[in-house]
Each structure stands twice: as structure tokens, then as C-alpha cells.
Amino acid sequence: METSIDVDEGHERFRRSVRDRLADPELRRELAALRAGGQSEPDAREVYRHLGRLRLLAPNWPEEYGGDGLGHSAAAIVYEELVRADVPDTLHVNTIQIVALFLLLAGTPEQKAAHLPAMARGERFASVLYTEPEAGSDLGALRTTATPDGDGWRLDGVKVFSLKSDITDLGLCAARTGSGAGRYDGITLFLVDLHADGVARSRIPSIADEQFHRVELTGVRVGPEAVLGEVGQGWPLLSQALAIERTGLDYTLKAERWYEAAVTGLGHDDDPAEAALLVDAGRFDARLAASRTLAWSVLARLEATDTADEAATAVAKLYSSELAQEVAGWAVGVHGLGYHPAVLGRRRADVLEAAYREAPGLTFSAGASEVMLQIIANLALDDPDPAAGGSSDPMRDRLRQVMRGRLARVPVHAAGADPQAAWDAVRRGGACTLDVPVAAGGMELGLGAAVVVAEELGRAAAVTPYPAVAAAIDAALAGGASENLLAELVAGAVPADMGGFDRVSVTAAPDGDGAWKASGAMPVDGTDVAVLLPVAVEGGTALALLPAGSTVPSAEIPGVTDAAGARIPGERVLCRDVALDDCPEGVVGRARIRQAALLLGLAQGALGEAVRHTGAREQFGRRLRDFQSVEFALATAYAEVAALRLLVERAAELADAGRPFGVAGTRALALAAETTLEVTRLAMHVCGARGLTPQLRVAPYYLLGRSEAVRLGRPAALWHELGARAVARSRRDDSGGAAADAAPGAGAD
């Protein structure tokens, strides 16, 4: 499985160099000895000292503090590869990713020089001392005090549920130094020597392999150099650092490791449950890819600005930790209570057994899911359209504005509205030319531009021939169709519908003069436009564009069109040898990405309507949105839509870069279909009876979701394609073949 997004050749080279260093024989022996020791929580400090010698702990730190002066993406790549190499990661998370981050953000030059170089060498380790017996997620309730003592302070209090505190050297401690107008005023951060007098450490038993610890501070004396940041200003610093910490990458990597262990052994027998498990495997495969894109989106912003968007990091943390927890639970259902060591191997079985015990803690570490939902609700729901704020591509931002403006002037759902109006607005704006080569009369702006158009059509709940026409253009280009037909398609002069992509239900036989005669039926919306569909021809499957008026509605089944006797001119058999399943590339793969974007727009539009209604409608003297159950449901939907957006954009990016995109496109479409059905159902529910009427605009999204979610294949079939791919990949990796060495991160998937 691809576990990262290497955005340029430099990143790929750096990843290779990291892997080369991790192949160091002495390091491999140390890791093997760590695993062979049989301890549930082995002491990994010697491994970290070796990683320090290999310069694999702090690549993004300034060179003067032991780093290499690289960016956040380099640090993420190193962390990914450490996890892949089975390096226990808690010391890294606490020391490098949290405490060192605070030092880099707010430490004085003297503090950085005193602590960071030793951390970069793997010689000094740190713990986080926030939580107290009476203060968990609500740090405003903390009771640990720091009282002035000469030029320093004396700390008194109890910290609980910290990890690795029995072997760490330094504690980042939040203590109250005063009070103020708010509950979070007067909090100060201190760097505490955990070997100092007055520090007592003890273990708190936990069901997870890694045990919690209790740290009692009794009159612990610290000097002025121990204060991190300004006295009394610890809360703003905590908020800033927590946002940066919540990339979701750590939880995503856990989930991927557990998933890869869980899919081992699937597909080896005729168990009737296997098909359902493959569907689940495919669903998790797509959601893991979405989680990965969320994490790397946060990292990209950090790379560019050194700041984090708090709502985006809350989405990433929520999505990744909830997903990891689900994967751990799913593995039980896949392999049973004993995790079948004979099938999985002892090591994978142990990984899954430990995962189940670790998983409950993921959704409250680094901020409980409920806290993440509140952050999303507070910061994002007032403007639930992430695209409205712009992107890193000015051209596509401008295209979005133009499309949105054009569609806003079309009364798509008003009584008596002309259904042709939206299509006229799209084609006159040149939408059909956007991802067409210049030589064929197009603008050659890439599939990413087409995705913007499709998304905006979905957001406007506008049914147009655009998706089918764009796919027909791709097919015509692939099959070398006549210049006249191609020109007509590019000009938008051949409106079309499409369907029948989940199974081939129409066949065609030669009918003289190069034409073909069709038989069969297909699920499409009407007969007054051309129909793009797969047809079975001698030697395989072709994509054909049936002329308008050549089909008739079925007299027996509503929503089905009868193609029996339809004559297909030879030039309208656009391309042959078309792959319809197994995560296809080419014409169908590109169509899947556009369709995913259309569904994304439908989900986005429905969510916007739901947010607007619940913000205006009052019940029991309060806005509907002020009820936490409603607010959190909308915040969850926002997170799902945000993840889907990045997955769709990633698929288009791969296609435009000339890289394999079939798996990414299938992931995007399957997740888009499921997300749209869920979000539109939620929108209908929170809009109540008004949602069933024209008083609100939510019903069109709900009704369109039903047809568009299955137009290019049923979600279950798409999940099955992805699950089968994941199982095949697992088998290749187990065989030790070349595919096993192709990246998580550099593989085609």
C-alpha cells in the first residue's frame, strides 16, 4: 500500500536514502534482538542511539541542533520509514514530535542548545506531563502548581497516564503559576529533569502493551531556564503545538500496519464470508488512502507556512484515530479471537492482538474525538465549503469561480426551469475542452480542471451531459474516432448520457457497412440524447455512443432503456478492448474520477444546505445546530467530505502526472458514492419535513445521489475490486518478490 505522497523526485531520492540507512546491518540486528526479547514493552533506547548515529531522528531541525535543515516532509518520510522498519515509535512521538517541537517553537537559544542535540543523537528522551487525576482533555482544570522560589520555581502536583516516563530524562510539564480572567490563564510550561529530587515515578497498569505512568512532583526545584515560553502564557503555546502535532500521520501508519496484517490470508478458501470481507478490505483500503492524504495535506501546509490550520488538523486527527480503531476491531472479525497464527504467522498475529488492546486509547490521546468535533464545529461549519477559500492553483480557483457564477445564474431547480440551461452554461463556457489536448481543439488543462467542473455541477445539483460527453471524448481520442465526431463532442454538440458500466448488458453484432446492431437493455435516464455505454463485441468490450433516438424506454422495467435493434454507426464504436473492472486506467478510470468529483459536489452541496438550515431553524428556543448531537453529526460529515475532496484531487493529480491512477480513481469513486449517500441522508434528516418539499434545496441532492452513486458501478463491486487488489498485494509481499520492495510510498497503488 502506498503510505505517503512523494510529491517530487527529491522526496523519492530522500526516501531511498532513508531506506538505505535503515538497512544498516547492526541496526537490523538490534531490532531483531528487540523483537526476540519477548517483552511487551521493550526498552528501545539503544536502537534510538543507533538511529541518532545514522542521522535519522531530526532531519528537519537546524544543523546547529543536530538536524539536516530539511523540511517537515523529510521528517514525515523518516517517521514513515521508521514505522515500516518496526522501530517502536512512542519515544519518537514524545521526544521528537512533541517536546522537541515545543523547544523549536518557543525555546530560547540556550534551551535549544541544552536539549536538542542530545535528542537528535538519541541520547536524551522526553515525556509529556499534562494529564492529571482531575484534568484530562480539559487542561483548564489542572491543579499542579508552580510557586516562586527565589529566581526559580517549586513544582507540586501529580501527573498521570504519561508514556515511557520510567525511562525518559525530561518532562514537559504544564503547571499553574497564577490565575486570570479565564480558566486557561496562568498556565506555564516547564522543562523538568525527571531525575531531580522530588520526582517519583510509578507504573499504572494498562491493557495495552505500553504501560502508563504516574509522576509525582513534590517540591521539585527548577530554575528560570526551565520555563518554556512566557510565564502564564502556556495555553496559547499548547494550542499551537497541539495543532501542529495532530497531523494524523502516526495514527494512519498504525492503521496501515494493522490493515496489512489483517488482509493476510484473505482469499485463500471458498468461505462464503470471504466476499463480504473483501468488500470491507476495499473500503478500509480507500479510507486509509484518504487518511493519508489528510495527513500529507497538513504536512504540506506546515512545509509552506510553518503553521497549521487548526480545523484541518482536527479533521486529520479525528479521521485517522477513529479509522485505526475500526481497523483493529475489524481484524478480530477477519481472523477470529486467536488471529490464526498458522495463517498470519506469529509476528502478524501478535501485531493484531496488541492492536486490539491499544486501539481504545487512540481516540482520546492527543485530543479526544469529541474535542476534535467541537473544534471542527466551531471553526469550519460556518463556512463548510473548503474549496471556497482557494487552493495552491490560481487557474483552478478562477475556473471554480467562473463555473460557480455561471451556474448561479441558472435556475436549476426553480419551477418551470429549462433543464437545458445548465448544460448550455457549461458547454458555452468551454468545459468540454478543458482536459482535451490542444491538437484536438482543447485547452489541455488536465483532469484536475475537469474535476473542478464536475464538482461544481454536483454542488449545484445540476444534471448535465458533461460527465458522459467528457468520457466519450476520452474514448474517441483513445480509439482514433473521426475528426468530425471528435470536433462535435468537444464543442458539446452531442449531448449524451451514460450507464451500464457495472455489467455489460448490451451486445452488438456486425450489421453491414461497418455498422453494428445492438441488443439488450441498460439503465439510463432517457432516450432523447446519445448514450455512452459498454457493449460486448466479438473479441471483447467496446465503448459505443448510441445515437439519440435509437433506444426506447423499456415497457417492463422503469428506468431501463431498451437497445434492441438500435443501429450503431461504425464511427460511434469509439474504442475497443476496454477494461471495466479491476481498477482500470484509461477512459473508464478517468470517468471514475470525474464521477467521484460530481458526487463530492453533491455531498458538499447537501452539507451546505444542512448547515444553513440548522443554523437558522430554532427548536426549543435554540438553533438546531446548538444541539450537540446535530452539531457533531454535521462536523463528522464535514470531516468525511474533506477527506473525500483530497482523495479525488489526488487521483486527478496522479492522472495528470502520467502516473498509474486506476486504483486511486476507484478509491475516490467508491468512497464518493458511499459518502454522498450518507451525507445526503443526514442532510434530509436534519432538515426535517421541509427537506421533503421545495422549501429547501436539499431533496435534489438526495435524489441525485441515488442515481449518480451507482452510475459507473455499485459501491460494493468497487470495494471488492480494491479488496482483491489488497489481498493480491499481500500475497506478493509474502512471496518476497520484487513487489515487496516497491514502496509503501513508491508503489503504483
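Positions of Cβ are set from backbone N, Cα and C atoms, glycine also.
Automated prediction, rather than curation, is the source of TrEMBL annotations.
Listed in TrEMBL for this protein:
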DOMAIN    9-123  domain 'Acyl-CoA dehydrogenase/oxidase N-terminal'
DOMAIN    129-205  domain 'Acyl-CoA oxidase/dehydrogenase middle'
DOMAIN    232-378  domain 'Acyl-CoA dehydrogenase/oxidase C-terminal'
DOMAIN    395-469  domain 'Acyl-CoA dehydrogenase/oxidase N-terminal'
DOMAIN    590-703  domain 'Acyl-CoA dehydrogenase/oxidase C-terminal'
Dominant neighbour of the domain 'Acyl-CoA dehydrogenase/oxidase C-terminal' (232-378) in 9-123, 129-205, 590-703, by Cβ pairs under 8 Å: 590-703
Residue distribution over DSSP helix, strand and coil in the domain 'Acyl-CoA oxidase/dehydrogenase middle' (129-205): 3 helix, 40 strand, 34 coil
For the domain 'Acyl-CoA dehydrogenase/oxidase C-terminal' (232-378), residues assigned helix / strand / coil by DSSP: 117 helix, 1 strand, 29 coil
Residue distribution over DSSP helix, strand and coil in the domain 'Acyl-CoA dehydrogenase/oxidase N-terminal' (9-123): 80 helix, 0 strand, 35 coil
Within the domain 'Acyl-CoA dehydrogenase/oxidase C-terminal' (590-703), residues counted as helix, strand or coil by DSSP: 96 helix, 4 strand, 14 coil
